[in-house]
Amino acid sequence: MRLLPVWTAALLAAQAAGVALTHKLNGFTITEHPDAEKRELLQKYVTWDDKSLFINGERIMIFGAEIHPWRLPVPSLWRDILQKVKALGFNCVSFYVDWALLEGKPGEYRAEGSFAWEPFFDAASDLGIYLIARPGPYINAEASGGGFPGWLQRLNGTIRSSDQSYLDATENYVSHIGGLIAKYQITNGGPVILYQPDNEYSGGCCGQEFPNPDYFQYVIDQARRAGIVVPTISNDAWPGGHNAPGTGKGEVDIYGHDNYPLGFDCANPDVWPEGNLPTDYRDLHLEISPSTPYALVEYQVGAFDPWGGPGFEQCAALTGYEFERVFHKNTFSFGVGILSLYMTFGGTNWGNLGHPGGYTSYDYGSPIKETREITREKYSELKLLGNFIKSSPGYLLATPGKLTNTTYTNTADLTVTPLLGNGTGSFFVLRHSDYSSQASTPYKLRLPTSAGQLTIPQLGGSLVLNGRDSKVHLVDYDVAGTKILYSTAEVFTWKKFHDGKVLVLYGGPGEHHELAVSSKAKVKVVEGLGSGISSKQIRGAVVVAWDVEPARRIVQIGDLKIFLLDRNSAYNYWVPQLGTETSIPYATEKAVAASVIVKAGYLVRTAYVKGRDLHLTADFNATTPVEVIGAPKTAENLFINGKKAHHTVDKNGIWSTEVGYSPPKIVLPVLEDLKWKSIDTLPEIQPSYDDSPWPDANLPTKNTIYPLRTPTSLYASDYGFHTGYLLFRGHFTANGRESNFSIQTQGGQAFGSSVWLSGTYLGSWTGDNDYQDYNATYTLPSLKAGKEYVFTVVVDNMGLNENWIVGQDEMKKPRGILNYELSGHEASDITWKLTGNFGGEDYVDKVRGPLNEGGLYAERHGYHQPYPPTKSKDWKSSTPLTGLSKPGISFYTASFDLDIKSGWDVPIYFEFGNSTTPAPAYRVQLYVNGWQYGKYVNNIGPQTRFPVPEGILNYKGTNWVAVTLWALEGSGAKLDSFKLVHGIPVRTALDVEGVELPRYQSRKGVY
């Protein structure tokens, strides 16, 4: 092992001596006090040292998942996601709050129905999941405006600064959401253990003071005023030391940062660039914040995908099970004490809530799919890691050392980072020195153990590390009082039951492994063939060697049964904590010990004992053998999803049964055959259209970043329109000298726009992911002098920009018309009107929120909601597969019934066909029961399949689907195909409660 650098050694020595440390880092002066108890704490429930948090006095590794409930607007499904997180072996969830969804109008905070947070907090509490609250006010999150409401574009001050106008604007939101979070803190019996002020406060420019200690202290104090007393934690965008403990005003209690080491090149999922695996984060942590636990508040487990990208399945491959094995185990080598994976469940950018850099799906290539399915192997791999950490309290007591490729192996092709314990177990994280290597490399280990330095395997043969894999080898590992002297196979879990101990080990295909137990007991093979297993007593330890096989084998040494599994078999094992019928305890040492091991395939949600009955709730996607290992002594009967299951008990005490799988026949309607009704949703292009009720575009802008180049503002947010399609009408009197019209529109990446002159189509910008704005020039027909004409302009607002760099105020980039020029005229010759969603910030549909609707005629009238007035004379029978024969926008709606059998979780998608080459330029908005659940851009993509969850879809009744079809080319547009399809039905214990689906009602004052 190489010696620590002089500075690091001195730092550690000073810590040990209890000396306060002062040092310089990146321009900051950092003063670290080594004793966390001497910091002023506002509560006693959550404390910490340099290794981990303590919750109620018990040391705990926080292994968490990032999920955003607001990206799944069906609160009853939040429990489903949280159960799937708990089943990973995780104990925590980190979440953002999207301010834009809660305060669509300044001063009016609304958090009801799908926007209420109480069901989420209650579910986390019921399931024993701690929460890290990250309400911003700025969140980034690939959300429109980075979570900022659009009305901040009118703010006369710099966002995320100490400008009083900005601070005042945040008060209503923070007082409400902060107050609610405060009620659910651990101090009040709730699940919230940490609070993050702001997010990624890591970069500034343009003359703004950065970092600004006054600003950040205000954000912290603001939370404290709302009642927040749990420790604060930061999320620096890189380990830059911003607001670290000891930096003075604006410092947080616990420093953390994020990291997305493999990046976002989903088009090349097999490419792992040289140098992308972090190796120095432990050293950086010791420089920045040595007396707090190392915290990775966001660590990559998926990737975002832009408009025109390769799609999220490619992102899932980029950050798949191999990525998890190498990169996540690498984080363990740093001694990470707080780790949250972004995104463990991504969800959907429904209702225009996404930023312009992404499309409707926010699947993120996550372990839990957008559809809530857990069929990606990366979910199962993550479960192995989560349960290992949950079973290994000694990990937090081990001290990380320096990586080396010579000390612990016999080959320089491999690198090992040790975490050395002092009687509490040691961990050796092994990977290829070239982390991207796909070679299979044989090796031997040289490990320091309590029995001395050992060369492993001791019984002959060789270990092997396959390509893009990593191992955590163990030394002096405690299993309920039995010492595992070493294990080359990896631990999934272990438990002490009333009739003995169980240790579950696994290995990859083609691997050879060896285990030594400090015991003089004999080895018995109690299940499976013993011919592939060898053993020997060596200096007071039983050494067992085996080759990994698909068939399970169980070896018994004294009162310890060791399950030898291959990795794919281990994927089918679950370790639910025993709870009650309605709740699961938090992952305390006692609660973790009170768990059972279940082999059951797709998903095990909960386990509890009621009287003499052991109850499991579980999901199945195939006929599945179910085994219970370590059934409680008091249990006699087995119930699965409330039904008694006949079971047998073998000689090893394992309960066995089988759950059948007979999926129901699912008959979905053929969308092409529905009784579609349509209406022109762009009547504004007709010269006779009366726009007198529309707002006049007569304001000067309040935008402080983008000065006007037009006589009056044509920035939509100046008038309260922040979401969806925007419409402008410009009136002028011709003088006969008009020859062309130039217009610069801006809607964000991949936006589109179209222009008409008094019913004559002039042209469109069809969109490109590389363009946020576009300047087009259109040739005009001959105009008659003295006659009134009107331009009609449609702009697709793809969401507001995020606001990452302080001082740029990127979220203030306007949407609408930036500039225009009509030949032969002054700009002031044109008088403009505009509209967006009906009511703007006084939006009508409070159930579906402030961003759900855009400015099209049908949207303004609410025709996208169930039961629109299709019998009026303006409607005709027409389908989107017939479409339009010329440029324009039509609206189509139809109803259909579903009858999905209860007890089955069935993913359902709306799928658009795209078979024409080159792809015609048209845009579609998909509404389901009034909720906007898709923006489809045919000529850009990539998304063609749009999942809609149960709860938005009525699985047992009538549903309404609506689409807007915008033809941006002279030949018009029609859908190639439009289908309703389903995924694999899962037999489930899940119970889904639908959300409110308000019907169409005539809107007062609508135009």
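Glycine is treated like the rest: Cβ placed from N, Cα and C.
What Swiss-Prot records for this protein:
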type	residues	note
SIGNAL	1-18	signal peptide
BINDING	Y96, N140, A141, E142, N199, Y260, Y364	substrate binding site
CARBOHYD	N156	N-linked glycosylation site
ACT_SITE	E200	active site, proton donor
DISULFID	C205-C206	disulfide bond
DISULFID	C266-C315	disulfide bond
ACT_SITE	E298	active site, nucleophile
CARBOHYD	N405	N-linked glycosylation site
CARBOHYD	N422	N-linked glycosylation site
CARBOHYD	N621	N-linked glycosylation site
CARBOHYD	N740	N-linked glycosylation site
CARBOHYD	N775	N-linked glycosylation site
CARBOHYD	N914	N-linked glycosylation site
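Everything Swiss-Prot records as a feature, shown here on the structure.
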residue	record	DSSP (3 states)
Y96	substrate binding site	strand
A141	substrate binding site	coil
N156	N-linked glycosylation site	coil
N199	substrate binding site	coil
C205	disulfide bond	coil
Y260	substrate binding site	coil
E298	active site, nucleophile	strand
C315	disulfide bond	helix
N422	N-linked glycosylation site	coil
N775	N-linked glycosylation site	strand
**Asked** Which of these recorded positions is closest to Y364 (substrate binding site) if you go by CA atoms: N156, E200, C206, C266, N422?
**Response** C266
**Chain-internal residues near N621 (N-linked glycosylation site), provided their CB is under 8 angstroms and they sit 6+ positions away** = T375, G601, Y602, Y661, I984, P985, V986, R987
**Item:** Least surrounded among the binding-site residues, given as Y96, Y260, Y364, when other CB atoms within 10 Å are counted
**Value:** Y260
**Item:** E200 (active site, proton donor) versus N140 (substrate binding site) - Cα distance in angstrom
**Value:** 8
**Request:** Only counting partners 6 or more residues apart, tell me which same-chain residues put their Cβ under 8 Å from the Cβ of N156 (N-linked glycosylation site).
**Result:** S165, K702, T704
**Item:** glycosylation sites compared (N422, N775) - the one with the fewest other Cβ atoms within 10 Å
**Value:** N422
**Fill in**
Quick note, E200 (active site, proton donor) and the residue listed as 'active site, nucleophile': C-alpha atoms separated, nearest Å, by 10
**Message:** Going by Cα-Cα distance, which of the recorded positions (C206, C315, N405, N775, N914) sits nearest to Y96 (substrate binding site)?
**Reply:** C315
**Request:** Quick one: among the recorded positions N140, N199, N405, N740, N914, which has the most Cβ atoms sitting within 10 Å of its own Cβ?
**Result:** N199
**Request:** Find the shortest Cα-Cα separation between N405 (N-linked glycosylation site) and the recorded positions Y260, C266, N914, and name the residue that gives it.
**Result:** Y260
**Prompt:** Where N775 (N-linked glycosylation site) and A141 (substrate binding site) are concerned, what is their Cα separation in Å, rounded?
**Reply:** 30
**When distances run from the Cα of E142 (substrate binding site) to each of the recorded positions C205, C266, E298, N740, N914, the nearest one** = E298
**Request:** Can you check which residues sit near the residue listed as 'active site, nucleophile', meaning Cβ under 8 Å from its Cβ, same chain, 6 or more apart in sequence, and list them in order?
**Result:** E66, S94, N235, D258, N259, Y260, S340, Y342
